[in-house]
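Engineer: The feature region 'Disordered' is assigned by TrEMBL to 47-79, 258-279. Annotation source TrEMBL lists compositional bias 'Polar residues' at 49-61. Residues or ranges marked as transmembrane segment by TrEMBL: 115-135, 155-178, 190-212, 349-367, 402-426, 529-552. The active site annotation in TrEMBL covers H490.
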Amino acid sequence: MSTSAEILVNGNGKAGHGHILRPRAVKPPNPAVLRTQSEEGLLVVSEDGNGNISGQTSGRSTPVPADAPPSAHHISSARKHIRAENRRRLFPTIEYASRVSHLDPMSDYRDFQGFYILFWIALTIMAITTMLRNIKDTGYPMRVEIWHLFAIKVWELAVADFLMVATTSISLPLHRLFRSSIGEKLGLRWAGGGMAIQSIYQTVWLAFWVAVPFRRDWTWTAQVFLTLHTLTLLMKMHSYAFYNGHLSETERRLRALDDPSTGESKEPAYQYPSAGQPLVSTEQEDTAKERLDVSELQEDLALELISPMGNITYPKNLTWSNYVDYLCCPTLCYELEYPRTSGIVWSQLGYKILAVFGVIFLLTITSEEFIVPVLAEAATRLEMVDSFSETALILAESISMLLFPFMVIFLLVFLVIFEYVLGAFAEITRFADRRFYSDWWNSTDWLEFSREWNIPVHHFFRRHVYSASRPHIGRPMATLITFLISAIGHEIVMACITKKIRGYGFLAQMSQLPIVMLQRTKWVKGKKVLNNVCFWCSMILGLSMMCSLYVLC
């Protein structure tokens, strides 16, 4: 097997991305513990004799004055050794590396390329035949009902979206206040009131922007766009505030240890559990709380304040440029630093932007030709029947007719978000980690699907919901809370699309847990083909059924 260095050296060297690592063709046996290749030395950073850093990032090592406090010396020492060590950090750290997506032509998964091309040829045939049929029937190539929705109150949507993005920036001045001497005097440290203030602001912010489209009577297309963007920015804002809050408390404790007379606790720094790490027993916790040597504790705390690549140290990241860059990066988990490519490949950026509009065009055609007419006809028929059996028959017919269109819609939505929109933002920001999804199409249960079809959201929930709640309530309840929050988010989206609160999506999401338990029994576990067939059948049927129930009932 080639080493990591050989992988970097023997790349094909294509424009701009020759150094990017490919995803491995062999899937790890335990998808819950997918790890990046940083532990194997795939992140190569070199320095010259003057301390200048070469590679994807740049920086300079400033000598520490001899009369500097001990904490400064510890930070300098940690910075020198961080690239040579790979120690588990205190806060759950998302490990980013230079990788391409599965369907990228440079990926080791490129054997799927033939099916990928076939998929687009099939959609092209569908679009052409549909337009020819419309020309024959109406004289026009396309219907225009949905197209008109895009233009209604578009400027109002643009202004509202800009204001929504701008109002997330309050997290930066709030955090500066929490770590300042003024905040200390007012008792507004992160752990002493700052966390509560940030949480209250996020709750009010979410309620306001979810209500805006309802108050302004927007079309469902505008409402869905703003709601999805609202949920995305909520997760970004939460991650930025809570990770920097953790760093501010770490810095405060490190500074306090400079003066032994402050009586600062000498207990080991708290380590957040990872997704695959079991909870320790009470006896182990008591053993872990033995007091450490002060210098060793300071080293642990100093290491936490430095980025995994060692080029940025907290609080130097608290700048507006850093915050704007984070908002544009295709990730929901804040880190002090991300791996970057050497430059923007403009041909790839242009291709992805054109692909976004092309997929939206196909989504609109599919919806207008194969979904809207079926739902409109079913709604008319339902008004004319009274018996339960006739109502059930109409619903069953509608669901069956929508199975294939919704499968196409699902695949197109996946492509436009995770391959093209996120890929375009990754190219713009030179964000090197392009693994926004894994081979979710091979999923055998819903937990595996939730991990692999939307990796940015999975990282967020694992870090800020599961890992944050698990030490307090245990693994089963943490898993339940994670699914509960996800189900509420899906229900909000469905309510915005249909302007109805029915709870069908919420129940379907929560029912995944007992289904997973059933699939992991000894009679079903290990039968990958059977479980994958069941996954796809439930996925295709579920999408069509959810739409029919929300729209028609």
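Any Cβ shown, glycine's included, is placed from N, Cα and C.
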Engineer: Same chain only, sequence gap of 6 or more: which residues have a CB within under 8 Å of the CB of the residue listed as 'active site'?
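Structural biologist: Residues satisfying the criterion: G505, F506, Q509.
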Engineer: Give me the stretch from 190-212, 402-426, 529-552 with the greatest number of Cβ pairs under 8 Å to the transmembrane segment (115-135).
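Structural biologist: When the Cβ pairs under 8 Å are tallied, 402-426 comes out ahead.
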Engineer: Tally Cβ pairs under 8 Å between the transmembrane segment (349-367) and each listed stretch (155-178, 190-212, 402-426, 529-552), then give the stretch with the top tally.
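Structural biologist: The stretch with the most contacts is 402-426.
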Engineer: Would you say the transmembrane segment (529-552) and the transmembrane segment (402-426) are in contact under the rule of three or more C-beta pairs closer than 8 Å, pairs 6 or more apart in sequence?
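Structural biologist: They are in contact.
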